[in-house]
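K.L.:
So that we are looking at the same thing, I have put the structure below in structure tokens.
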Amino acid sequence: MAIRFFLIACSLAAIATAGNFYQDFDITWGDGRAKILEGGQLLTLTLDKTSGSGFQSRNEYLFGKIDMQIKLVPGNSAGTVTAYYLSSQGPTHDEIDFEFLGNLSGDPYTLHTNVFTQGKGNREMQFKLWFDPTKDFHTYSILWNPRHVIFMVDGTPIRDFKNLESRGIAFPKNQPMRIYSSLWNADDWATRGGLVKTDWSKAPFTASYRDFRADACVPSSAASRCASNAAPGNSGWWNQELDLTGQERMKWVQRNYMVYNYCSDLKRFPQGLPPECSIA
């Protein structure tokens, strides 16, 4: 297994960037509703009744530590979704999702997470954030290496999807993924299952992004190891996993702020929970 991962690393080139949005991203839709400002240091997405907006990274990544600071739509954002995720393309795509589900003023946002492997998702975990994500920027991170996908908020781990291929469970490790983000209307399901609709009198809705950082691997024909992180014994993201302190912090979040876990939803899976749910 270790030799196989080393070979994967050798087929990749490393990239470490404290990005400029002009250099690292393309606005892909929204007809002017997405804007890059402040010399490339700030990006905003806007949603109105006509359209939302979105962007994607120019690079594809295969493993890495990806950070983005986001300030979410303030006030009554019910019905809106701010999606920030990694994804490959095609019917058997892999995907690693953060989705922020809008709220009524004064109610907490719901942070929706999911992992797709080979086109299969249905691995949702949802959390209420322990702060107001509209007052300031907060850092949302994905740590993705050959053994783990770890979701983090301001450095605090909230979810760890482990590589359990030895138990027959697919893991995203072969398909390069781009970063995508969009702000769009989903009032048929986003807030209280669609009971609360978007109040268009509050439009336009705006989410803001800054301080993108990627210490990651990109597909390359160069015979270059994937950064020094891939070196045996290195403590960088390539080998990173949660230590006891990280595990306890994640348990604290899940105990106090997790509001949905697919591994506890017996009604949804009457034939039995997904196999990874029974593996510690």
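Glycine is treated like the rest: Cβ placed from N, Cα and C.
Curation plays no part in TrEMBL annotations; they are all automatic predictions.
Among the features that TrEMBL reports, active site, nucleophile is placed at E95. Annotation source TrEMBL lists domain 'GH16' at 22-202. Sequence annotations record features per position, and here TrEMBL assigns domain 'Xyloglucan endo-transglycosylase C-terminal' to 234-277. Taken from TrEMBL, the feature N-linked glycosylation site applies to N103. Per TrEMBL, the feature signal peptide maps to 1-18.
Show me how these features fit into the shown structure, please.
P.N.:
All chains included, 18 other C-beta atoms sit within 10 angstroms of the C-beta of E95 (active site, nucleophile).
When pLDDT values are averaged over the domain 'Xyloglucan endo-transglycosylase C-terminal' (234-277), the model yields 93.
When other Cβ atoms within 10 Å of the Cβ of N103 (N-linked glycosylation site) are tallied across all protein chains shown, the result is 25.
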K.L.:
If one measures from the C-alpha of E95 (active site, nucleophile) to the C-alpha of N103 (N-linked glycosylation site), what distance in angstrom results, rounded to a whole number?
P.N.:
25
K.L.:
Going along the chain, which residues at least six beyond the ends of the domain 'Xyloglucan endo-transglycosylase C-terminal' (234-277) come within the CB cut-off of under 8 Å?
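P.N.:
Hits for the domain 'Xyloglucan endo-transglycosylase C-terminal' (234-277): 9, 63-65, 110, 122-130, 143, 145-148, 150, 156-160, 162, 164, 167-169, 215, 226-228.
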